[in-house]
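Worksheet for the structure shown next.
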Amino acid sequence: MVDSQYYLPNDIGVSALDCREAFSLLSPREQMYSHFLSRAAWYGGLAVLLQTSPESANIFVLLQKIFRKQPAAELEPVAMAAGLTSEEYQAFLVYAAGLYANMGNYKSFGDTKFIPNLPKDKLKALVFASQSFKEQPGEMEALWDSCSSALFSLEGKQKQLGLGSKGITTYFSGNCGLEDAELAQKFLDFQKLSAYNTRLFKTEKGGKMSYEVRLAIATILALLRHTGWGHSLCGLPETRLKRGDYAQIMERVCHYLEEAQAHAASENQTKMLEGYRRSFTFGSIDAHKEGSRFWIKDKGPTVESYIGFIESYRDPFGSRGEFEGFVAVVNKAMSERFAKLVSSAEVLLPELPWPRDFEKDTFLKPDFTSLDVLTFTGSGVPAGINIPNYDDIRQSEGFKNVSLGNVLAVAYATQKEKLTFLEEDDKDAYIKWMLPSFEMQVGLHELLGHGSGKLFVQDDQGKFNFDQNTLINPVTGEKVTSWYRGNETWDSRFSTIASSYEECRAECVGLFLCLNKLALSIFGHEGQDAEDVVYINWLYMVRAGLLGLEFYTPESSSWRQAHMQASFVILRVLLEAGEGLVHLEEVAGADGRPDARIALDRTKIHTVGKSAIQRFLCKLQVLKATADVAGGRALYDGYSAVTDSGPHDFLRLRDTVLLRKEDRKMLVQANTRVQGEAVELVEYEGSAAGLIHSFTERFQEDAEQLEADLLELSKRDSPCWCH
């Protein structure tokens, strides 16, 4: 029997992401703009297959070839004739939908591998009985042989993503470890290059080691694809830059961005898209930054979008960005609340528990909108975003916040019978107030969490952005003695803990400021309703901390999901606060199996809870601001530890959480297609079959060439994983 955490259950939730009304309100020009941006995003998202695992692209192509010839309903009698049961066929559909939804065979939320929940010989029989196999038996058999072993394998480090012995990654060649990532980062820092759009490959010949930094560039620069420069400096091995990673994919992205430019609503949008095109054409992060600057200036657009190598959660070293793109329509009614929050930011920011010198010199009021998502590509769909992630732009030029309203409405809705680990008395209130409280938490987290806090920097010319002679560390009472230098960034210094640490800081800001009456009133909460929202927001967080144990791997003592690690850290902080604030106990469930109960004393949130978060949040900000990596790691790793000692046996609780876990919903997104002068929105049912259908129709115009390109890119990399 395979552990249930390594497959997706047949009854997993699948919901359609509704954007029909929002799309229908767009003008024909805006719809055309949305269409071409969506095409760029969907094609770019295919790079994630190559960023996830060696076999993901081949599995994707295998599935596309099968379902393009026979939709799920047509394939079902073939499956029955091949000897599959209806449950096994459903398991195959769920697996295929899961691969599409995660853009690879590792969960986007938790980074664990998932495999088909049916015997390998049954799946082989189905593949070989398919129409696609009958038409191209040699090609299909070769494709099956190229990925079938890895498709089912759960050996050793293949169970999860990670670097070296800790897991699988395709951001680095198979012979790389943490020390290689650190050496490469030194090289990139010296060359003033960003790691966001790179991968690292190591070769060893005759006892001599060298590195190849691969840079994502479109095939338009075919002449440059194999050129580069070699350097051995500062005692580092020779390192060469190789252009052309994901080349055929990037070329398609550039093509559709150029098409979108013709329908842009403003000069800012035109220049924004030009910056992105130059970035993907030349591999320039500086060009992407320039595009991002125009994106920030594009205030209040009807159609909002962003695209590029964005989030570094899944790079085990925390520096390389996964490709992501989204296109969405502004929900004007909900956006009014967020606009009020932005207007009140300068009143709320001084409430945060650190001295004025540790806050940004000026708060650059961003756009903050609620969006109905039309397209979101990458490995998963979040609830909210604060971007760009470039520290230099965020600190001095600004950023944008978005809350994804139609995602919140379906992805976070829950049923009472599926609410684990809560007291019965809490469940009705949790159902009633979870979405309003989560909406508020997302707003505070994105705007005043990620949007707050200064980083102390000494630039290349030796100039400081603070007074190093007088600035006092509020935690130690002594002068600040560390800061960022030159090209150093938050990600490059704090590397492996940076993403989760920052998510934890933003979550703590949300918990702290949701106690503020002004913040509550902005979201329409007064009196008892406001108290209920606060209670459920804090209860949601402590429950999330317990649920987070699913995403911890005891064998490697590592966390696989930044947000869930952050929630666990906050749970530990609030348990440590004592005085009966949080009560966590192991119990026997109604079914006789291990269970747990977590409860929160709502009368102590404003006293014990607030004080605990206030102290912890101040430490997080001070350590981040001063680039105190050693102090930050000691604090964060300490609270992240999952042990069987102390008042709570968290390792045993992890087993209980795994026993009662519920998989995250998968979202089915619409397609758009041009019909004459108009753009048609094509929607699909909220099921595994509907999700599959959406993907087979998504790349129809060049399906065979695209599949050949993906296989070529995968094959080009394949020698790099055999270590």
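Placement of Cβ uses the backbone N, Cα and C atoms for every residue, glycine included.
Just so you know, TrEMBL annotations never went through curation; they're auto-generated.
For reference, TrEMBL has these:
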- Glu446: active site (ACT_SITE)
- His445, His450, Glu503: Zn(2+) binding site (BINDING)
Under 8 Å by Cβ from Glu446 (active site), same chain, sequence gap 6 or more: Phe368, Gly384, Ile385, Asn386, Asn401, Val402, Ser403, Ala506
Binding-site residues listed as His445, His450, least Cβ neighbours within 10 Å: His450
Cβ atoms near Glu503 (Zn(2+) binding site) (within 10 Å, other residues, all chains): 22
Residues close to Zn(2+) site centre defined by His445, His450, Glu503, Cβ within 8 Å: Asn386, Glu446, Gly449, Glu502, Arg505, Ala506, Glu507, Val509, Gly510
